[in-house]
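In what follows, a single structure is set out as structure tokens and then discussed.
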Amino acid sequence: MSEHDVESNKKDDGFQSSVTVEMSKDPDSFHEETVEPKPELKEPEPKEPEPKEPERKEPERKEPERKEPERKEPERKVPGRRETQTKETQTTEIERKETKKKRGTNSYCPPQGTINKTITDGAALIALWTLLWALIGQEVLPGGNLFGLVVIFYSAFLGGKILEFIKIPVVPPLPPLIGMLLAGFTIRNVPIIYEFVHIPTTWSSALRNTALTIILVRAGLGLDPQALKHLKGVCLRLSFGPCFLEACSAALFSHFIMNFPWQWGFLLGFVLGAVSPAVVVPNMLMLQENGYGVEKGIPTLLVAASSMDDIVAITGFNTFLSIVFSSGSVISNILSSLRDVLIGVLVGIVMGVFVQYFPSGDQERLTQRRAFLVLSMCISAVLGCQHIGLHGSGGLVTLVLSFMAAKRWAEEKVGIQKIVANTWNVFQPLLFGLVGTEVSVESLESKTIGMCLATLGLALSVRILSTFVLMSFANFRFKEKVFIALSWIPKATVQAVLGPLALETARVMAPHLEGYAKAVMTVAFLAILITAPNGALLIGILGPKILEQSEVTFPLKVELSNFHH
């Protein structure tokens, strides 16, 4: 229907209504007024509106809908931009095709994608290195401290990436930290490379303490009070029991096998007592996504307890570290360690209350400000406590501060966790690379390795057995208890921090105790190398076979799901 016909129809309607009204009033006036519109009625052919009148009555309201496409016709004319855009896209596609034709068979010149990104990053790195060389000088040249740090970082990073690319069918992926550890070990035991890699003790100590701080911050932010209340006794038994029993058994076995003093034995025990969330959490999340063990909450239990287990181990290590390197009596050492714990808790509460209200919620870039404030305050607390001799206080300050802040922020802490996780991604290659550089093949004797393996194996056996027994009081089947016990053996990050920390403290404060510290370092290295890949394989293989599979109707909300340390 054309616009002219529509207008004529409207006029017809108006004319008929006027006719009916005027007839009711005055028929004479009707005859007079009808004379004028008659020529207008004859213009649009009278035969067309008559059959269309019933159509007009029903879809009168639909006519404006039919007019919409008619109204869009001028809009199509106006936005010729779309036509120009389509023409531009066509021309760009034609240009791309022409460029591809010009390239011919040599389609990789200039390169695209990953190769292009790698070349770009390399050029930026060279430019940055040139700038640092102009500012610092010899530090960035081979043999300098910064040069060695960069070599270790990139070697460990590449080692982790290479291990990620190695995929074996039917076998779960291996943790990248093993590749980082082996990269540092390779640098240490290749004389040509290690000749140019020198890192001062103060640098490595500061880096390890910073990595430890990030671990504790992530642990504090990741603690979920609701999950802990829901799991209650089971989570507490799994967090405290195996760690304490493994520490005591390691102290006992190292005392009789390796001739360790009792203080050093307990220090070694708390180094070994921590489980690695870097191995446990990703594998638990994979099982959870497929519905394995979700009905009984096994993934939730292991994820929540892994963080608490690390906290117990680090606190025990700091306590015995202060006991080992102090010259007082046993009673005075115990009192000083309790003093450190009390100071750490009180300072952490005060700083945690401050962080809850500062910065306020009306500030810009609130997430970045909060993350920076928490990290800077925690790192300052750890390094400052180390400097003044309160070895057991810094970690507790960090833990209490981050936990109180997370409790106040609730769901807003997710963005802060992501920032802290990105910070950890930078320090992780440095940490494991530095651990690898501390282990020299020349200094290792077969007898020493045998004693370390014996102590490690016996302590792990006690841990597995104690975990199984402690889970007997929960509502788990026999196979599920076996799975939980075997899932509780991987060790990685905490051992990478605490093992070298004891060695560096011995070098600075008591060089005559360096032999014990090297033995602790060796046991920590072997624990990472043996338990991390084997633990990942056991979890990935036994999980689908042992745990019951159920339909996942909703995602499991666990705050520690981003915990990758």
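Glycine residues also receive a Cβ, built from the backbone N, Cα and C atoms like all the rest.
These features come from Swiss-Prot:
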- 1-112: region 'Disordered' (REGION)
- 1-14: compositional bias 'Basic and acidic residues' (COMPBIAS)
- 23-86: compositional bias 'Basic and acidic residues' (COMPBIAS)
- 122-142: transmembrane segment (TRANSMEM)
- 146-166: transmembrane segment (TRANSMEM)
- 167-187: transmembrane segment (TRANSMEM)
- 206-223: transmembrane segment (TRANSMEM)
- 238-258: transmembrane segment (TRANSMEM)
- 266-286: transmembrane segment (TRANSMEM)
- 311-331: transmembrane segment (TRANSMEM)
- 341-361: transmembrane segment (TRANSMEM)
- 371-391: transmembrane segment (TRANSMEM)
- 419-439: transmembrane segment (TRANSMEM)
- 449-469: transmembrane segment (TRANSMEM)
- 482-502: transmembrane segment (TRANSMEM)
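Here the transmembrane segment (449-469) does not lie next to the transmembrane segment (122-142) in space: the count of CB pairs under 8 Å, restricted to residues six or more apart, is fewer than 3. Counting Cβ pairs under 8 Å to the transmembrane segment (206-223), the stretch among 122-142, 238-258, 266-286, 311-331, 371-391 with the most such contacts is 371-391. Residues 175, 177, 181, 204-205, 208-209, 211-212, 215, 238, 242, 267, 270-272, 274-280, 283-284, 293, 298, 301-302, 310, 313-314, 317, 321, 428, 431-432, 434-435, 438, 460, 463-465, 467-468, 471, 476, 517, 520-521, 523-525, 527-528, 531-532, 534-536, 538-539, 542-543, 546-547, 565 of the same chain sit 6 or more residues outside the transmembrane segment (482-502) yet have a Cβ under 8 Å from a Cβ within it. With a threshold of 8 Å between CB atoms, the same-chain residues lying at least 6 positions outside the transmembrane segment (266-286) that come near it are 172, 175, 177, 242-244, 246-251, 254, 260, 298-299, 302-303, 306-307, 309-310, 312-314, 316-317, 320-321, 324, 455-456, 459, 463, 487-495, 498-499, 502, 519-520, 523-524, 527, 531-532, 535-536, 539-540, 543, 560-561, 563-565. Sequence-distant contacts of the transmembrane segment (341-361), counting only residues of its own chain at least 6 positions beyond either end whose CB sits under 8 Å from a CB of the stretch, comprise 315, 319, 369-370, 373-374, 377, 381, 385, 390, 392-405, 408-409.
Between the transmembrane segment (146-166) and the transmembrane segment (419-439), the number of CB pairs under 8 angstroms, six or more residues apart, is three or more, so the stretches are in contact. When each of 167-187, 311-331, 371-391 is checked for Cβ pairs under 8 Å to the transmembrane segment (419-439), 167-187 comes out on top. Note on the transmembrane segment (371-391): residues 206, 209-210, 212-214, 216-217, 318, 321-322, 325, 340, 343-344, 347, 351, 355, 358-359, 397-398, 401-402, 405, 415-416, 419-420, 423 of its chain, located 6 or more positions outside it, place their CB under 8 angstroms from a CB of the stretch.
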